[in-house]
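Q: Structure below; questions to follow.
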Amino acid sequence: MTATWCLKTLLTFLFGSVISQSNINVQNLYTLLFTTNNYNKLIRPSRNQSVPLSVHVIFTLYGISGVDEIEQKLTATGWLEIEWTDELLSWTPESYGGLRYIYYPQGEVWKPDISLQNGFSKLEELGSKFISVFIDSNGLVNWRPFQVFESKCDIDSTYFPFDIQTCHLDFVAWSLSSKDVHITQGRKGIELSDDLQRHGEWKILFSTALNLAESHKTKVRFTIVIQRKPLYAIMNYIMPILLLSILDIFTFKIPVDTGERIGYVITVWLAYAVFLTIISDSLPNSSESIPIVSIYIMIQIFIGTVIVIISAIESGCAHLSDDESVYFLLRAIAAKNCRKPSVQSEQEISKCLDRDETCVTWKEAISALDKYLFWLFLTIFVLSTLVSLLIASLKYI
Ligand SMILES: *[C@@H]1O[C@H](CO)[C@@H](O)[C@H](O)[C@H]1NC(C)=O
């Protein structure tokens with residue numbers, strides 16, 4: 001008896017009034033709030049219905065789940081922290097054993113019908129049935145629905161993979177006008193979660209929150225600015241194309257008479273085609289903003305096609321017999337190739353050309369031409385790459 005009393009006194013001393021709360025206190029409070037007071041969740045909880053209710057919204061971003069360039073969609077995971085004062089849900093803690101707060105299922109109290117205005121899928125109630133709201137004795141209600149938000153986002157991928165995208169998440173009370181509720185950002189606006197989940201392709205640069213007022217609605221706009229991590233695209237799209245283009249230029253280093261050449265050049269061209277099929281799904285493609293990378297790839301494939309055609313013509317010519325006439329142009333180019341040890345001076349070359357006999361064979365002419373074509377295509381490749389790089393980096397200058 002004395003021992004129990006001593007223990008009770010000690011615990012009361014240690015934990016103050018907390019210890020004196022009992023389930024009966026909580027039950028009494030629930031009865032008062034929801035039965036005695038006849039709480040109706042359909043009624044906006046303001047004693048004066050002509051004063052709009054202030055609702056504060058804070059968004060905590062947990063991570064970016066994905067960005068879809070084709071559908072122009074951002075998928076972000078996070079939770080909203082929505083706070084308002086429910087004047088009909090307040091009590092005196094002292095009358096209930098110092099009970100300062102309770103939790104109640106979100107479906108049983110009045111809530112503003114806040115939803116994502118620029119959502120991608122159908123309009124839905126935030127949160128879910130099992131989520132409870134926190135209510136303190138002053139009637140402050142704190143509701144934290146966790147959600148995967150899919151929002152419409154204009155994605156401009158011209159500068160892919162060095163692009164920066166700005167996406168908005170607009171939250172609005174769908175049916176309530178600004179006469180009923182005033183939605184504003186909370187003190188912190190938008191926050192990045194402490195354990196923000198990193199995305200493989202996107203990095204969050206910064207985020208802002210903004211209060212917006214439309215004609216008869218108020219809304220909060222959370223803006224997320226994300227930057228693509230270019231390494232992935234460089235490794236997977238740009239490097240293979242660069243390497244294939246270099247391989248393609250080396251076609252001109254393969255002797256035309258070996259017969260390997262057409263096989264080689266067609267293989268490289270097929271590699272382009274297969275590669276394009278693989279990446280065409282992953283490249284951001286919309287007719288509004290064609291990425292510079294796509295144009296660059298098209299140019300490289302076009303050059304590749306030209307190289308295939310030239311190789312085909314050259315292979316055909318290589319099998320002509322040498323007494324068939326060599327085009328004048330070819331002969332002129334090949335003339336320089338005549339500088340063999342046996343042919344010493346310019347005069348001898350011109351003599352050689354003047355005589356009505358072929359001084360160069362087809363093979364010699366073609367191999368001379370190949371030298372020029374090698375350098376020509378190398379120059380085109382380097383120039384097109386540099387120009388593309390320059391245009392892509394213009395945004396940062
Ligand atoms: C309700 O609020 C309005 C606007 O502030 C005020 O004019 C009116 O007197 C208030 N009504 C009551 C019953 O307090």
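The backbone N, Cα and C atoms fix where each Cβ goes, and this holds for glycine too.
Just so you know, TrEMBL annotations never went through curation; they're auto-generated.
So TrEMBL says this about it:
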DOMAIN    29-230  domain 'Neurotransmitter-gated ion-channel ligand-binding'
DOMAIN    238-313  domain 'Neurotransmitter-gated ion-channel transmembrane'
SIGNAL    1-20  signal peptide
TRANSMEM  231-250  transmembrane segment
TRANSMEM  262-280  transmembrane segment
TRANSMEM  292-313  transmembrane segment
TRANSMEM  372-394  transmembrane segment
Q: Can you tell me which recorded stretch out of 262-280, 292-313, 372-394 has the most Cβ pairs within less than 8 Å of the transmembrane segment (231-250)?
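A: Ranking 262-280, 292-313, 372-394 by Cβ pairs under 8 Å to the transmembrane segment (231-250) puts 292-313 first.
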Q: How do the residues of the domain 'Neurotransmitter-gated ion-channel transmembrane' (238-313) split into helix, strand and coil according to DSSP?
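A: Helix, strand, coil within the domain 'Neurotransmitter-gated ion-channel transmembrane' (238-313): 62 helix, 2 strand, 12 coil.
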